Amino acid sequence: MTAQHQATGTAPGANLSAHTPMMQQYLTLKAENPEILLFYRMGDFYELFYDDARKASQLLDISLTKRGQSAGSPIPMAGVPYHAIEGYLAKLVQLGESAAICEQVGDPATSKGPVERKVIRIITPGTVSDEALLSERQDNLIAAVYHDGRRFGYGTMDIGSGRFFINQFEKEETLLAELQRTNPAELLYPESFTFLHHVEGRRGLRRRPEWEFELGTARKLLCQQFGTQDLVGFGVEQSETALCAAGCLMQYVKDTQRTALPHIRSVRLEQPDHAVIMDAATRRNLELTQNLAGGHDNTLSAVLDCTATPMGSRLLKRWIHQPIRDQVILKGRQSTIKELIEQNLYDELGGLLRQVGDVERVLARLALRSARPRDLTRLRQAFAQLPELQRLLAESEHEAVQQLRERASTFPELLDLLERAVMEVPPVLIRDGGVIRDGFNQELDELRDLANGATASLARIEERERLLTGINTLKVGYNKVHGFYIEVSRANSHLVPAHYIRRQTLKNNERYIIDELKKYEDKVLTAQAQALALEKRLYEELLDALLPHLGDLQESAAALAELDVLANLAERAETLDYRCPTLIDEDQILIEAGRHPVVEQVMTDPFIANPINLQRSRRMLIITGPNMGGKSTYMRQTALIVLLAHIGAFVPADSARIGPIDRIFTRIGASDDLASGRSTFMVEMTETANILNNATARSLVLMDEIGRGTSTYDGLSLAWACAEQLASKIGAYTLFATHYFELTRLPELMEGLANVHLDAVEHGDTIAFMHAVQEGAASRSYGLQVAALAGVPKSVIQQARHKLHELESATPVAAGESRPAPVAMAPQSHPVVDELEAVRPDELTPRQALDLLYRLKQML
């Protein structure tokens, strides 16, 4: 060991002969897996040494100790029990770490020197398939990114389903949006990657050698995987930058899985013009699957996701994060949801699908030959539901429903095989035995009879020996340490025949063995070992019998997941009173009585629904009103309703007519980006620049309080210029919320703009927010009243009122003047009285009357 290694305790890189044979074996295996933690099997433990031990001790909160010496220095060591390994691996995966599992593969009885060991699996965050290591309702993706100097190539793979997608684009903003959308558990990048500032801080980062991104290598690997001569049939042949990323992905997955990947059967190019594009800021601000605090409560998916299966839940989240523009597909989803509601099928479908479970990931483990016995029982249970699902779907004549019915095939032969082959409730692992059902294989039955027949045979031996020895208390027994034995009390030991051989002495008893019992023991133990070996072979044959059907099984699983999502959306529409939006070709967003899908679920009072009308002659709304008045909610609900329409779902509104949308942008709220050294204002301007550079006439843009982070005149000027650009040059559908009342003049100066405001009623020092959108500009911002509601001291509010009066009167008070007297407030009538005086009862619908009643109650 070098001086450096002696000082640090790290594993040496040369001169293995100085180490013990066991450590030589370890160091050789570690050299093959230098960058990941190596769990080295030693008896009932997995042990880690040197730097791996130190790192594991910190990450897993396990003790760091020493294991003797090798090459003259102590060996740092940490370990975990073999039966608890899955829990520790799960923690490592969550932390973005990888691990290599090294098992004993040789026979200790015949080994000369250390028992042969080898790495049998490598666990990485993006390639795990074990059920215990995955979040069942979240996709677990591995991704690779490459830049060729002109454009980015980006690829994602889901080992748990076999989905494999690539994409290429030119802008860094698109890379950020893709990373936000796909959220890979592991990200591969080349050594020369110069955009690390976009990925730094992510877990699961892996730097890979340049050769893994070579185009020729990528084409060869992919053609080998798919069994084709070229990639033309997949439509990706010309996407060379993306193929470089795909090649690295395939190489890495093959290296880590160390087995064939039959469930990865194609690669698809994602077309940006097929989707409604959302950047990273938009996904964050709309709180689609993650709220602003990083949790999952009070998000769109939390409201929408009542799916029956984990694979359905994952598909729904993919739909939410990638709304589409193809109206044929969207209208097909809408009509299917309508059919499931009208035929009242969604509830019964949900009950059946709950019994299907997560077939998608079971099939992935089957493809990787890592399926466990209970995976096969889950498949059997799923197969058993399919005939009833087919019968239920046959009740509908709807074309799309029948297409789903055809795709969700039944597999009676496989169901019969699994029913005959697998125990009702098998053990977790095949190594425990007892997986194959009695009667499936005659040879296995005979071996089991021999192994399990010990009870009757031992009873006969026991009865005979009692008669021969005259010892009525003589017993024949068995334990794992000493095997079979004849037990005699100490008091009767003098009656034992001479051919009895003492095996064990206890406090009150003696235990013996005889030749016949020893031979029987050998026979039984041999039968048990043979039965277990045969059972393992039969289990592998079961997997072999299932694998040829993998493609059909995957197609059926995909149909079941889609059916689950559509049935779930039907249930949500009925339960939450959503309506089917009308998708049109004209430039219009017309929503009657729209509601925020999340906010209305967390409110105790009824949600105040609001309309919106955007069209060619009215493309921008300047929104004014008090803080807390509901401007941001109104803007977000519009975006969410448009998004829901573009996943084919029903929407929270009385009606909606929605024209083509290509992008959704939001510039709502901001905070300092301390890691990048950017102020709140800089973050705001960066997001604004992205909108102004990329929005089109068919984009939906939400702009909230542009220009707040700088001086009043700078902010007003920027807000004015941004509004003009969006309205006159770009022509995007725009909701522009502002506190700059000067902007309310824009509709007088330009076509296509309109003022709306959210109403509030003031009474004395209090304010009641109506949350109702009205035409025209707000008369004031009510900032002082909101400050009072927030608990700002009354003396400060009083001083602010005086200063406001001065500013509005343009008569500033000289510096150093004494404290001003309170500004007298004009007598005001009660707001409830004002509201009632304006009501025309005969013109109110029952719904409007109920809403009015709740508003009046809020004002008291």
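Note: Cβ is positioned from N, Cα and C throughout, glycine not excepted.
DSSP classifies SER632 (ATP binding site) as helix under the three-state reduction. Under the heading ATP binding site, Swiss-Prot lists GLY625, PRO626, ASN627, MET628, GLY629, GLY630, LYS631, SER632.
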(message) At a 10 A cut-off on CB-CB distances, which of the binding-site residues GLY625, PRO626, GLY629, GLY630 has the highest count?
(response) GLY625
(message) In the three-state scheme derived from DSSP, which category covers PRO626 (ATP binding site)?
(response) coil
(request) Report the same-chain neighbours of LYS631 (ATP binding site): residues 6+ apart in sequence with Cβ closer than 8 Å to its Cβ, ordered by sequence. (result) ILE623, THR624, GLY625, ASP704, ALA737, LEU758
